[in-house]
Amino acid sequence: MRHASVSRKIFLIANYLFLTLLGLTMFLPFMNVIAQSLSSGGAIDRGEVMFWPVEFTTHYYKYVFEDVSIWRAFAISVYITVVGTTINLAATSTLAYPLSRQEYVGRRLLLILILLTMIFSAPLIPQFILMRELHLTNTLWALMLPTAISAFNLFVLRSFFAQLPTEIIDAARIDGCGETRTLWSIVLPLSKPALATVGIFYSVTNWNKYMDALYYINDRSLYPLQVKLRELLITDDLADTGNLAFEVTSQSVQGVQMAVILVATLPIIMLYPFLQRFFISGMLIGSIKS
Amino acid sequence: MASKLEPRGAGAAPSPRIRAGGGHVLLGYMWKYKALYFISLPGLFYFLLFKYVPLMGSVIAFQDFNLFTGITGSKWVGLKHFERMFSHYDFINILKNTLLLGIYDILFAFTAPIILALLLNEVRLMLYKKIIQTIMYAPHFLSWVIVSGIFVGILSPESGVLNVVLGWFGIDPIYFLGDDSYIRSVLVGSGLWRDVGWGTIIYLAALAGINPDLYEAAEIDGAGRWKQTLSITIPALLPVITILFLLKIGDFLDYGFERVFVFQNPLNIRNSEILDTYIYKAGLKQLQFSYATAIGVFKSVVGLFLLLIANTLSKKATGESLY
């Protein structure tokens with residue numbers, strides 16, 4: 001690079017400038033949300049709040065903490081994330097393992113049939129009718145069962161299992177382990193990185209679940225956080241949402257909205273360092289397969 | 001690629017030998033590994049029940065489906081609902097919105113990660129690169145509801161940062177979300193913001209796999225960086241680009257329900273209603289089950305055709321194809 005030409009230098013400077021600017025575009029909106037959630041309603045309305053709080057206040061957070069319906073929605077989201085991800089991992093690994101073994105006759109056909117579901121997804125209405133027939137609408141199962149296995153994650157896990165040395169599995173069988181024992185005490189412990197990757201993908205999906213709740217849940221007491229948040233985002237008047245514990249003026253609506261956005265984002269932010277460690281490898285295995 | 005990840009592929013598997021040995025040997029072999037089949041049952045049942053049953057349920061597009069009489073008791077009406085769909089006063093507009101968003105998606109959301117990956121690839125300061133990547137991957141993990149919340153805040157006519165900045169240049173506040181003419185830009189823009197960084201991962205991996213000797217040789221031959229990019233980097237990325245492009249074409253009409261729905265309001269609906277959001281409203285809000293299914297079937301069939309056409313063209317032009 002010592003003999004870099006002038007045009008090369010100009011390009012490099014422009015490149016760094018551009019990327020820095022782009023990075024700021026990605027980052028500053030978060031700062032804006034944080035700043036607004038900590039600024040007075042008057043300051044927000046006058047357009048004074050950019051990336052730092054103006055007339056600092058925490059009363060939106062007080063409102064959020066006192067609103068039972070937000071807490072309930074938060075708890076439901078935690079529930080579907082924890083229970084849902086457990087179901088996801090159990091269902092995905094018990095299918096991925098047999099499909100990764102060469103002894104499983106017919107696995108090619110099954111893999112193609114599963115791949116086809118990625119290309120042809122069923123229309124919404126037949127899915128809805130099925131859920132209704134199964135009496136799953138208006139239950140939290142509707143947010144966990146229909147999405148129990150993602151074909152993409154199944155392929156990620158299957159590729160990982162297929163790479164494990166056959167000798168280990170054969171040795172376990174010779175020692176008298178049944179297939180279930182082999183899976184539970186040999187294969188799964190060896191696959192922790194892959195399980196972590198897939199588990200994190202599933203957790204984020206479960207936490208962010210909105211569409212399924214919109215389709216299958218009418219009962220307001222079962223709303224997950226994303227639906228509750230959306231409801232708050234489209235109201236101009238917080239009195240409509242039924243919280244009387246806290247006096248709100250119309251001008252502080254946006255502050256409350258931003259505070260709830262932060263509460264809904266917090267678990268993702270906390271997970272992000274782990275996410276980053278795993279998602280790239282998972283993403284690459286998965287896309288090579290499909 | 002498949003053979004690389006699966007060293008004991010079908011060729012090496014014992015199954016061909018077994019088939020030659022006759023049916024009862026195969027059954028015996030399957031019996032020996034019955035536990036494997038047993039373990040796989042819940043997962044297979046899942047795909048059957050939640051994926052294939054509703055797919056079969058698409059036949060209600062050809063019925064006047066009634067919830068109480070069910071599929072077997074509902075009257076068959078042929079293509080009635082498809083005819084109704086095409087004669088709906090707003091259908092052309094909804095289809096136009098869907099197609100336009102699909103085209104914008106390819107023009108911007110598909111190409112931007114390629115360019116961004118090329119730019120990131122030129123960065124030599126590793127710490128800087130890592131920080132930028134960390135920031136740019138993050139929005140991908142936010143739900144569309146949260147993304148819409150952030151954008152509603154930024155774009156707000158009274159208090160939004162964007163309008164404040166526009167104000168510095170003497171531009172009057174614009175109500176971006178309340179205006180037909182801005183909504184598509186908002187949809188494409190928010191999509192870019194959320195996913196452009198994420199989209200670079202696969203290209204960066206492909207770029208990392210290019211043999212550095214190639215660049216060295218090119219340098220000795222006197223090729224500049226621009227020339228190197230054109231004749232080494234781009235050709236190396238081409239297979240990945242082609243495959244991703246084909247997949248993109250395959251779900252050309254699947255712009256995504258959530259990402260559009262969360263930005264919709266009565267003021268922008270004319271330019272933001274797409275097939276998916278219309279299916280939801282016609283189906284679950286107005287309970288026109290067969291009609292909404294017909295639109296869904298139409299969408300899948302068109303998507304399949306686009307995929308087949310793109311695949312054939314690509315096979316001829318570049319030799320790359322999905323199957």
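Positions of Cβ are set from backbone N, Cα and C atoms, glycine also.
What TrEMBL says about this protein:
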type	residues	note
DOMAIN	B:95-310	domain 'ABC transmembrane type-1'
TRANSMEM	B:35-53	transmembrane segment
TRANSMEM	B:99-120	transmembrane segment
TRANSMEM	B:141-171	transmembrane segment
TRANSMEM	B:191-210	transmembrane segment
TRANSMEM	B:230-249	transmembrane segment
TRANSMEM	B:289-310	transmembrane segment
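Panel annotation: around the transmembrane segment (B:230-249), residues 105-106, 110, 114, 118, 121, 202-203, 206-207, 209-210, 214-215, 218, 223, 306-307, 310-311, 314, 318, 320-322 of the same chain, lying at least six beyond its termini, place a Cβ under 8 Å from a Cβ of the stretch. Most Cβ pairs under 8 A with the transmembrane segment (B:99-120) among the ranges B:141-171, B:191-210, B:289-310 are made by B:191-210. Outside the transmembrane segment (B:191-210) by six or more residues, the chain places 105, 108-109, 112-114, 116-118, 120-121, 133, 135-140, 142, 144, 147, 232-233, 236-237, 240, 244, 259 with a CB less than 8 A from a CB of the stretch.
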